[in-house]
Amino acid sequence: MDESISTYYTHLTVPREDEHRHLNMTFLQELPSYRSIVRRRASILGRDKTRGSLLKPASSDHKAHLEIGKLEKEHVGSQSIRKYALDISEKRRLREIQEAQIKYLSDWDQWKQYSTKSWKKFIEETKELASHLELWRNDLRSIEGKFGTGIQAYFAFLRFLVILNLVIFIIIFLFILLPIILTKYKITDSTFLIIPSSEIDLRCKVYTMNSTGLIYFYTYMIDLLSGTGFLEWTSLFYGHYTVDGIKFKTFTYDLPLAYLLSTIAYMSLSLLWIVKRSVEGFKQNLVRSEEQYQSYCNKIFAGWDFCITDQTTARLKHSSILYELKTDLEEERIRQKIAERTPEETLRIYSLRLLLNTVVVAFLASCFYSIYVATVFSQEHMKKEINKMVFGENLLILYLPSIVITMANFITPLIFSRIIHYEDYSPAFEIRLTLLRCVFMRLATICVLVLTLGSKITYCDNEDCRVCGYNHKLYPCWENQVGQEMYKLMIFDLIINLAVTIFIEFPRKLLVTHCSNWKLIRCWGQQEFAIPDNVLGIVYGQTICWIGSFFSPLLPAIATVKFIIIFYVKEISLMYTCRPSTRPFRASNSNFFFLLVLLIGLSLAFIPLGISMTHIPSSKACGPFTNFNTSWDAIPKTVSTFPVALQTLVHAVTSEAFAVPFFIVICLIMFYFIALAGAHKRVVVQLRQQLAVESRDKHYLVRRLTELQEETRNRPS
């Protein structure tokens, strides 16, 4: 590369006519880039000269024209002219060349090129038409125009969750609900298939239902809010699908297998969809990644959001850019402070951080224990007769785990934000660590609730209880109990969102607007739209939906309606009561952070679902898996019905003899991509170095031009 660049500069500085050309050559050889290349040439003289370079030596104008003509012939016919970064005249010239080339093509090539163009045009028109059919397209544009791309990204993320839950519900409806509806209402000539099993103890099949839910209105409301009573045997919950199969004229539909595979399908679809969108966001973050010396220039010269049209939002954007510059300077100060720390100061800081992290862990443990105690207390007392309790007492016991989880999710971010100030981190790392702790707290509480229910379900203190493998006396249909807890969490989260907006945000806006003279109200200020907190809230709701969909198949439909309501509630709250945060989270301008948190939620959802399907015995009194020890046993049973050759293939693919070589191949592929990423990173470093060299050249040329102008002014006429 250095050889070719040096040749390039020598070509630019060859004297052709007189001494003036020689002076130009000397002037160009004084450039910092030329001097650095000459120095590097001396140190790497033995390097292979055939290695590729960024700058090609221009030997003659004729050769340059030949290269351009060759490139035009190769690429004009294969690429769209729109992709060329040229002016209109050049594009017209290329179009003429393209049309001239078509005349000399064969009929087949002409038809192929015409078909390719027509197909591309059809795809573009379809995309343009689909863009007009996007959900909440005008709302998102309005939000983007008034509040910028950061808040718009939150609402776009909320729209993605609406579509995701709608797709999940469609999968469940097609493979689980639809066959039952067609058979139940005699739409098709099919019958339910129920296979009795003599191996199951009769005590495990007892499931008595209390049908007093429709007598009193308050009881009806309790059932509606908690999923008990008249809702317990509806299609909302797992127990409604107590069918071993559906017999049609020509085939038998295996409902247990369909139930299990549909769960695997929508969880896998969620994973692939999130990973795909995360990779796109990661690519954007990788392209936009910058070194520290470039950060200031990019914020000053390219940091403005031109989608903003509102004057108030523009002032907030000014303050946010100012805040980011202050944050960068603060991070530089902290880095310098860290470099100047003495060993005693370093030991003191790390000891303090260890102590504070111990406090954080202890507080998390106390929250988890509180959820455990609340869940146990609720499960032990919710079996009382409804007429023995008053309305408030019964509702409080039913919702006690949800209330404790909500209080923990509300209190812990406040405590974490106080503790982090004493740990002496940089402002950016403070935000990331606080969010990481809050994410873990919000999502782990759901897992603690489900695992606590699992421990209560599998706990047996006598031989009569161990007959079924689970506590069939307290939980004859334990899947319904888990589904009801997820249903209550979903409903309670929606109620909290509505209550906060109606009873806190709107009164606060009225006080700030009409009582601004009061010092306390002025210090309280207007409500800020905190993007990370709102994202954590909807990820929490989505994690509940993933865990509960197996136990409550209609929960994705409820989640879809819930997120639609939240979209409009948050939009109204944003437009009339909130303002953008003056201290924005930096990753809020990209969906990568949102999807990363969502991916963490999905990963945690796999844990209770996997334990429920593979380790806890399925209920023998309800559900499609009454004839299986666990839900997962439906797959081995189905495989046993395959032909012998196919069974051998399936067992071979799932065996350790296949898993170990497959893992090795995956590792090799991963190492290849890591090496490829390292090579690309080195190229990026070289390009950045070239940009730095070019900036020094411009600096030098501007300085020399200024000196020449001063010499010209000072020269006597």
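Just so you know, glycine gets a Cβ as well, placed from its N, Cα and C.
Record features (TrEMBL):
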type: DOMAIN; residues: 477-588; note: domain 'TMC'
type: TRANSMEM; residues: 156-182; note: transmembrane segment
type: TRANSMEM; residues: 215-237; note: transmembrane segment
type: TRANSMEM; residues: 257-275; note: transmembrane segment
type: TRANSMEM; residues: 354-377; note: transmembrane segment
type: TRANSMEM; residues: 397-421; note: transmembrane segment
type: TRANSMEM; residues: 433-454; note: transmembrane segment
type: TRANSMEM; residues: 546-569; note: transmembrane segment
type: TRANSMEM; residues: 590-611; note: transmembrane segment
type: TRANSMEM; residues: 658-679; note: transmembrane segment
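Touching of the transmembrane segment (546-569) and the transmembrane segment (215-237) is concluded from the presence of at least three CB pairs under 8 A, sequence neighbours closer than 6 excluded. With a threshold of 8 Å between CB atoms, the same-chain residues lying at least 6 positions outside the transmembrane segment (257-275) that come near it are 164, 167-168, 171-172, 175-176, 179, 241, 546, 549-550, 556, 595, 598-599, 602, 605-606, 609, 613, 624-625, 631-632, 634-635, 638. By the Cβ criterion (under 8 Å, sequence separation of 6 or more), the transmembrane segment (215-237) is in contact with the transmembrane segment (397-421), since 3+ such pairs are found. Between the transmembrane segment (354-377) and the transmembrane segment (397-421), the number of CB pairs under 8 angstroms, six or more residues apart, is three or more, so the stretches are in contact. Sequence-distant neighbours of the transmembrane segment (433-454) (same chain, 6+ residues past either end, Cβ-Cβ under 8 Å): 360, 364, 367-368, 371-372, 375-376, 379, 401, 405, 408-409, 412-413, 416-417, 420, 423, 425, 478, 481-482, 485, 489, 532, 536, 539-540, 543-544, 547, 585, 597, 600-601, 604, 607-608, 611-612, 616. Taken together, the residues of the domain 'TMC' (477-588) have an average pLDDT of 83.
For the domain 'TMC' (477-588), DSSP puts the residue distribution at 86 helix, 6 strand, 20 coil.
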